[in-house]
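Have a look at the structure below before the remarks.
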Amino acid sequence: MRVIDSHTAGEPTRLVVEGGPDLGPGSLIEKAACLEAEHMDFCASVVLEPRGHDAIIGALLLPPSQPDCAAAVIYFNNLQNLGMCGHATIGLAVTLAHMGRIDPGRHKFETPVGIVEVDLQDANTVSVVNVESYRLHKDVTVEVPGHGKVTGDVAWGGNWFFLVKESPFDLTLENVPALTAYTKTIRQALENAGVTGTDCAWIDHIELFGPPKDPFAQSRNFVLCPGGAYDRSPCGTGCSAKLACLAEDGVLAPGEDWIQESVIGSTYRISYQPGTTKGVIPTITGQAFVTSDAHLIFNPADPYRFGIRPQNWTTSWITRTLSVEHG
């Protein structure tokens, strides 16, 4: 299995170029559903230890079904598919350029939540025009054990977010353990209170905000991802959800830039245009760098060839693959 690794503003992406599972015919949405239902063993093996770690986002490269798209992609982490991933889309564009598949300029990628446009400005700099993003609920308050009442907004930026304007902890790397524990408690409180996205969707990302360290930035954030890792980047889909809230609150005008800083100090330049229905069309600009080009090896004698994970996870895809390849 060939993979190419990159990082975008510090957050890693692993693009599976060759050797992924057969997802059968159908739309990209159907293929994403097949990946999550039948091949999470593949996903875990790609992103988890000993080959990876829980902060890696996987991206399965597929042929596009639309003639005007350069590629199709399904994003995943160690638990599930992701409808969209901003940092990984930036990494995808830079990686495809590294492979010689695209040149600088505008391109379209198919994702399970819609077509995403990118502008490859140079070998490392990419602007992503994300799917339409919107705020579902403003000022939702939940009781968080040990912290009292916490208020935030529920918004969609390609994934579901609960955005909290304040944090009891300074948003620094030293406080990552405390920030992680706090945001996990918030996420559980939302679940206990029955707070969801549209169609009862799980709110799997929690985003905290605070004052920036960078004098050119307007805000600093900490983002808890679904698998329990924190986002090293400012989080593209989280920035999209943030833009939807800023727009609706009248804080940021269309086309006006906002510099969003991450917990590690990396930044995205973000802006929006009004959406066609109820939200905004975000543009996220950041940089990615290719870090490795490798082949993953699945040795039948390796007890951790499926990744280090709970014992009740299935191993159907790799088991079938190994039985074919090794008899």
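Each residue, glycine too, has its Cβ placed from N, Cα and C.
For the substrate site that Swiss-Prot gives as GLY86, HIS87, ASP231, GLY236, THR237, the extra residue drawn from HIS98, HIS107, HIS205 is HIS205. Recorded residues CYS85 (active site, proton acceptor) and THR237 (substrate binding site) have their alpha carbons 6 Å apart, per Cα-Cα distance. The substrate site is defined by GLY86, HIS87, HIS205, ASP231, GLY236, THR237, and by the 8 Å test on Cβ atoms against their centroid, the other residues of the chain that qualify are GLU11, CYS85, ALA88, GLY157, GLY158, ASN159, VAL223, SER233, PRO234, CYS235, GLY238, CYS239, SER240. Just so you know, of the binding-site residues HIS87, HIS205, the Cβ with the fewest other Cβ atoms around it within 10 Å is the one at HIS205. Cα of CYS235 (active site, proton donor) to Cα of HIS87 (substrate binding site): a span of 6 Å. Proximity of GLY86 (substrate binding site) to non-local residues of its own chain (separation of 6 or more, Cβ distance below 8 Å) is seen for VAL128, ASN130, GLY157, GLY158, SER233, CYS235, GLY236, THR237, GLY238, CYS239, SER240, TYR268, ILE284, GLY286, given in sequence order. There are 33 other Cβ atoms within 10 Å of the Cβ belonging to THR237 (substrate binding site).
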